[in-house]
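The following features are taken from TrEMBL:
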{"type": "BINDING", "residues": "Arg11, Pro12, Thr13, Gly19, His20, Gly150, Glu151, Asp152, Lys265, Met266, Ser267, Lys268, Ser269", "note": "ATP binding site"}
{"type": "BINDING", "residues": "Asp138", "note": "L-tryptophan binding site"}
{"type": "MOTIF", "residues": "12-20", "note": "motif ''HIGH' region'"}
{"type": "MOTIF", "residues": "265-269", "note": "motif ''KMSKS' region'"}
Amino acid sequence: MYAERVLSGMRPTGSLHLGHYHGVLKNWVRLQQEYPCLFFVADWHALTTQYDDPHGIVGAARDMVIDWLAAGVDPRRATLFVQSKVPEHAELHLLLSMMTPLGWLERVPTYKDQQERLEHKDLSTYGFLGYPLLQAADILIYRAGKVPVGEDQVPHIEFSREIARRFNHLYGREPGFEEKVSEALRRLGAKRARRYGELRTHYQERGEQAAIEAAQRLFDEVPDLSHADRERLCGHLEGTGKMILVEPGALLTAAARMPGLDGQKMSKSYGNTITLREDAASVTNKLRRMPTDPARVRRSDPGEPDNCPVWQLHQVYSDEDCRAWVQQGCRSAGIGCLECKQPVIDGILREQEPMRERAQPYLDDPRLVDEIIADGSGRARHLARETMREVRQAIGLDYA
Ligand code: TRP
Ligand code: SF4
């Protein structure tokens, strides 16, 4: 059995900030140790809302990849690529578009939300409506089992599952499917075939996920069972036909709420960010100017950490002792605000130092980044082509 693939994408929106680091990148760095991972720059997705201003995309893509590398994403472990360098995504998107009911797209919650949020822009376009389907193609083309995303993206993963199910249902019945299932069952041997029958009943009557897992283990016991037979048996068990596209699961990133410089969530649109590799002088300066408890007008006024955005940063960056020092010193006016900010400044600079170091070779020689992207895109393309061969075959568009 192969390890489940992890896939995630990010739009190239310019420099990433510490919110991205705590919310997403740290998670990617962890996942790359445990799974085969694919991380990509969703440049076509950027076009769905930025079609009128595409010129910054290539530069933003490169900067973003440098930020990934700076954060510790390792191109020897994970495959890093650019969506538009794997044009098979577009082919799958097109083929899926033929069988996607319009209503499904119109009902994706981000569709109306985003249109309202970006009111100044004309987003009544074909591409914008189809963007969750493009995302589904991104995921399904790698048969990714796990997709790390934030909460806002969960409906898109659910949508991708529905698309996979519909595709398998429509095209998963190869000619002679039933006979091929019978042959595969013979290969399992009578005893295992009986057990398989029981598991199938369990699954179909009660939808028990455990039954699928048990069946997988059963297949593992038969080393000469071909990949195709395995898929057929899975499809027969689930009642969907052959499983050509794999239903992905969302890997919900625990919402690490990274506070920004004003106490709101750190976000580019609030202008309250510290970028991943921001230089030390600028970080220090921003922190020093950061607002504190508004009730603490004079140094001699006591303050309340709960009303202070700096306290939120202490919760990310400071240890127990330091936090006790803040609580006590703030409420008794024993410490000044600049004094209180210093451990946070130190903590951020300490966190950023290895990132700046890791980024340096790529800033010195951007060709290194281009090589990583070219190499990763080549590897991704190889995987994507494999799926597309089977997809074309399932639809019957495989010309000799
Ligand atoms: N839609 C995602 C976002 O806006 C980016 C994205 C595109 C993505 N394709 C993906 C994420 C595939 C995960 C998997 O953040
Ligand atoms: Fe905020 Fe610290 Fe000043 Fe208290 S002492 S108001 S926690 S910056």
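We number each residue from 1, going along the chain as drawn.
Keep in mind that glycine also has a Cβ here, set from the backbone N, Cα and C atoms.
Feature map: annotations from TrEMBL on the structure.
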residue: Arg11; record: ATP binding site; Cβ neighbours (10 Å): 20
residue: Thr13; record: ATP binding site; Cβ neighbours (10 Å): 16
residue: His20; record: ATP binding site; Cβ neighbours (10 Å): 24
residue: Asp138; record: L-tryptophan binding site; Cβ neighbours (10 Å): 27
residue: Glu151; record: ATP binding site; Cβ neighbours (10 Å): 11
residue: Lys265; record: ATP binding site; Cβ neighbours (10 Å): 14
residue: Ser267; record: ATP binding site; Cβ neighbours (10 Å): 14
residue: Ser269; record: ATP binding site; Cβ neighbours (10 Å): 7
**OP:** Enumerate in sequence order the binding-site residues Glu151, Lys265, Ser267, Ser269 whose Cβ-atom distance to ligand 1 is under 6 angstroms.
**Re:** none
Subject >> Recorded ATP site residues Arg11, Pro12, Thr13, Gly19, His20, Gly150, Glu151, Asp152, Lys265, Met266, Ser267, Lys268, Ser269, farthest C-alpha pair in Å >> reply: 20
**OP:** Based on DSSP, name the secondary structure state of Arg11 (ATP binding site): helix, strand or coil.
**Re:** coil
Subject >> Chain residues outside the motif ''HIGH' region' (12-20) and at least six past its termini with a C-beta under 8 angstroms from it >> reply: 41-43, 46, 56-57, 60-61, 63-64, 67, 71, 258, 260, 265-268, 273-277, 348, 351
Original post:
Which three-state DSSP class does the residue listed as 'L-tryptophan binding site' fall into?
Top reply: helix
**OP:** Restricting attention to the motif ''KMSKS' region' (265-269), give the mean pLDDT.
**Re:** 91
**OP:** Provide the three-state secondary structure of Lys265 (ATP binding site) computed with DSSP.
**Re:** strand
